[in-house]
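Here's the structure we're looking at; comments come further down.
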Amino acid sequence: MIDWITSQGQGVLGAYWTPLWILIRAVIIVVPLLLCVAYLILWERKLIGWMHVRIGPNRVGPLGLLQPIADVLKLLLKEVMMPTQVSRGMYLIAPLMVLMPAVAIWAVIPFQAEVVMADVNAGLLYVMAISSVGVYGVILAGWASNSKYAFIGAMRAAAQMVSYEIAMGFALVTVLMVAGSLNLSAIVNGQNTGYFADMGINILSWNWLPLLPMFGVYFISGVAETNRHPFDVVEGESEIVAGHMIEYSGMGFALFFLAEYINMIIISTMTALMFLGGWAPPFESVVTNAIPGFFWLLIKVFLLLSVFIWIRASFPRYRYDQIMRLGWKVFIPLTVAWLIIVAIWIKSPWNIWH
């Protein structure tokens, strides 16, 4: 589909098509992301409200649906306060260094068969590489802010992200081993073949079942990577107020939160693609096959995002040493052990993948 649009555009506009197409793709990615983040925040506040037996936002617009618009306007109109002793250049560029990798990842994420901005063969490697870059913006913000609280938060973020990146990487390596491809579309298609898929029970052929420990490790590590509760010691309110964001206000502060929620959506989308069959329906039938694959992916991502929120509402914050212990002493040994088990499984007569 993308190739057809490109060929048609080049035929009509010639050399002008390339910069125009880059701009169009950027808009196609960014605008829906902004809307998704705005209403994800509203859904989070609503869902936590219901879990706390209260209503949640319900004043701005019908049923509170305009609350995200009001929040955006509030942040846009706030004065940007810059402390006098900050490293100005690094202070200003840090929020962008956190946000840009989160946006760039969407270039290779497929939304259904043949609907992807760039269908590259090394898509999984690209995601793993780009997702590691955001921590530099966090470290830069902590260093440039000239604040002890911000610096402590940045150091915590660096240690936490490095710790859980390893476990996430091993979890994705197991998916790579069973799929035999780094292409995200090929990984999704590989989950919808086999004995159960032939019977029309796709849900039992997805990677979540044979790779169940990796599924859990990847998603929980994703919660830690995004600094979400109960892993939010990076911005622990009771200790360091807001961590690396403490000296930011207005849109600088908003960009950090925007990146956090975009990363939540990325983790949920990657979990759905790697372990939950992507855009495939759970069961084959006339009704489920009539629903476009994009909507199945959307449903899975929405449910995983709701789990993010449920975790926030249900668990207390871990201590910093507990978070490090979980990453290094539990997740990494577990993923290495399961990696070896899967390698032996693939080479055994009971191989269910190839």
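Any Cβ shown, glycine's included, is placed from N, Cα and C.
Because the structure is a prediction, the values reported are computed rather than measured.
Positions annotated as transmembrane segment by Swiss-Prot: 22-42 (among others).
Counting same-chain residues at least six beyond the ends of the transmembrane segment (91-111), those with a Cβ under 8 angstroms from any Cβ of the stretch are 25, 29-30, 33, 82, 117-120, 123, 126-127, 130-131, 133-134, 136-138, 140-141, 144-145, 184-185, 188, 247-248, 252, 255-256, 258-259, 262-263, 266, 269-270, 273, 278-279, 293-294, 297. Sequence annotations record features per position, and here Swiss-Prot assigns transmembrane segment to 91-111 (among others).
If you look up Swiss-Prot, you'll see 124-144 (among others) marked as transmembrane segment, on the strength of sequence analysis.
According to Swiss-Prot, the transmembrane segment annotation covers 168-188 (among others).
Remote same-chain residues near the transmembrane segment (203-223) are listed as 164, 167-168, 170-172, 174-175, 178, 191-197, 231, 267-268, 270-271, 274-277, 280, 282-283, 304, 307-308, 311, 327, 331, 334-335, 338, 342, 345, 352 (criterion: CB distance under 8 Å, separation of at least six residues from the stretch ends). The transmembrane segment annotation in Swiss-Prot covers 203-223 (among others).
For 255-275 (among others), the entry in Swiss-Prot reads transmembrane segment, with the evidence type sequence analysis. Proximity of distant same-chain residues to the transmembrane segment (255-275), defined by a Cβ-Cβ separation under 8 Å and at least 6 residues beyond the stretch ends, is recorded for 33-34, 36-37, 40-41, 95-96, 98-99, 102-103, 105-106, 109-110, 127, 131, 134, 137, 141, 172, 175, 184, 187-188, 206-208, 211, 214-215, 218-219, 222-223, 225-228, 244-245, 248, 297, 300-301, 304-305, 308.
If you look at the transmembrane segment (291-311), the same-chain residues 6 or more away from its ends with a CB under 8 A from one of its CBs are 40, 43-44, 47-48, 51, 111-113, 115, 219, 223, 228-230, 264-265, 267-269, 271-273, 276-281. Annotation comment: Swiss-Prot describes 291-311 (among others) as transmembrane segment.
The transmembrane segment annotation in Swiss-Prot covers 326-346 (among others) and rests on sequence analysis.
Only residues 6 or more beyond the boundaries of the transmembrane segment (22-42), in the same chain, are considered here, and those with a CB under 8 A from a CB of the stretch are 57, 64-65, 67-69, 71-72, 103, 106-107, 117, 258, 261-262, 264-265, 305.
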